[in-house]
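The structure under discussion is supplied below as structure tokens; questions concerning it will follow.
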Amino acid sequence: MNWMSYHIGEEFLISFICLGIAWRAFSVSRSLDPSLSDYLELRSRTFLISAGFLILGISSFMHALIHASGWDLNLLYQTLLSYCLGLFLLIIAIASERPWRKTAYPLLYLPLMILLVPGVYQSFPIFGEFRPIVWIAIAYFSGVVSILYISLYYHTRLNRFLFSALGHLFICISAIFLFFPTGIGSSAWIHGHLMRPIGFGILFFSMNSEELLNIKESMLYKTLAAFSLLAAIPLLAFGMILSFDNLHSINIQSRRIAVFFFMLVTFASSMFFGLGLIIRLIRPVIQLKDNVNKIADEGLERRVELNSGDELGELSVAFNNMLAKLEDSFSERDRLSRLAATGELASTLAHEIKNPLNAISGAAVYIRNNFKGDLIKEFVNVIDEEVSRMNKLSMNLLTFAKPLPFNPVNTDINKLVLATADFLGFECEGKDLAILTDLEKEIPEISLDHDQIRQVLINILINSFDAVGHDGEVMIKTSSENGNVAISVHDNGKGIDSAEMAKIFNPFFTTKTRGTGLGLAISKKIMKGHGGDLTV
């Protein structure tokens, strides 16, 4: 079999696969909705993946063209180093904390174009002598990408990431086979060049829009990448020494200098990278600790400020949500404590007021029946009105203080709204008020206490009538979502001052000259008893 023809066809196939994946990633990047909260991050990651596979595709195409045209094999320096750059961009796309700052990295391909200039590539040592070093670098980068994809699976539980990890693992193993200095058609060469297209084929089917949109930066990625870098140091160092065995004869002294230089660069780069990685790992932890200490000093209103997309960022979001829930719980506890105290006082007052009112009412009836005169009749009418008002206040106090009986029935909320609006029609006749409705069709029936919810609607609508005055308009809307039903009442009145807004549900608070100030407090109590809420 003509293995060189197979190799050329293999490189062309890999080229088309990589270009297809690049186009797919670029299309996803262009189709993202700018209103997404993580739009910039997603677009940057998909762009870097597109650029990485574009460089891989161009490199494989040129690799095939060099062999097909019989050009100088030193041109392969450019293709294989570009191959490493493409894999490096994939690592950046997955593991970078702020990928939008790395979108210029694909421009690193431009300096590599210099290696296509005859005067440059001809001055390099024979490619076959350094080929193992390049392949072990490709194996290293592919292995890191595979580890990162396994981390992505751990982070998202998306099975496609396992297939992508498998694809890059095949590429890594193929590069390890090609690291050995054997000729074309040898067992190692055949295994390496059979596994490469399989790996890229797996990537072609695994890397779709679902996978691309779920790539997220994680602390785990950095940690695993760090371990893989540290594990690769001896492989790079000693691998370079072994790779020169049984190759073309070169100057021993030059070889030792080259090996020492590469070992020095590898050691220095790993030290700098490790130091930077440690700083990046520790910095958000310190920020989180400082923010938690400030919360202990400043109270629950303080929030953790940590701009990170990794697990610590998710932890800070969860911590802030917990603080918000704690703050709401404490506020609700204080509110319930105040309501309990108010309710107890209200119940006592209601009972104490009721007996004198009965006596006053009885006395008024006696005076009306036994004494005549217009002035006496006028005074008795005033007494009756005020006693009636005080009785109403007493009943409201008792209603507010005692637990409300709950008699739920399945109710069509739209029919309840229409019936309540019709009932209050008389309130609108003399004021030129308009009650409008916007009711969602086919709204589901819900279990509720019909009379209590009707009372809430009446209280709110009467408040709206008072707010809009003459020639006003009140709109009642119904809507549903995920089995929950909402009723909203809008009016074109002047509104409520922000200072009064926080007090409107407090018992006995009112802005009217007449009224008990208990209507909204009782209404909110009813809605809480139904598992809902009343907000303004």
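Think of each number as a place in line: the chain as shown, counted from 1.
Positions of Cβ are set from backbone N, Cα and C atoms, glycine also.
Residues annotated as transmembrane segment in TrEMBL: 6-26, 47-69, 75-95, 107-127, 133-154, 161-182, 219-244, 256-279. If you look up TrEMBL, you'll see 279-331 marked as domain 'HAMP'. Look at TrEMBL and you will find 348-536 tagged as domain 'Histidine kinase'.
Looking at the shown structure, can you explain where the listed features end up?
Sequence-distant contacts of the transmembrane segment (6-26), counting only residues of its own chain at least 6 positions beyond either end whose CB sits under 8 Å from a CB of the stretch, comprise 46-47, 49-54, 56-58, 60-61, 63-64, 67-68, 86, 184, 193, 196-197, 200-201, 203-204, 207-209, 212.
Per-residue pLDDT, averaged along the domain 'HAMP' (279-331), amounts to 71 for this model.
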Same-chain Cβ contacts of the transmembrane segment (47-69) under 8 Å, 6 or more residues past its ends?
4, 7-12, 14-19, 21-23, 25-26, 29, 75-76, 78-80, 82-83, 85-90, 92-93, 96, 99, 102-103, 105-106, 109, 207, 212, 215
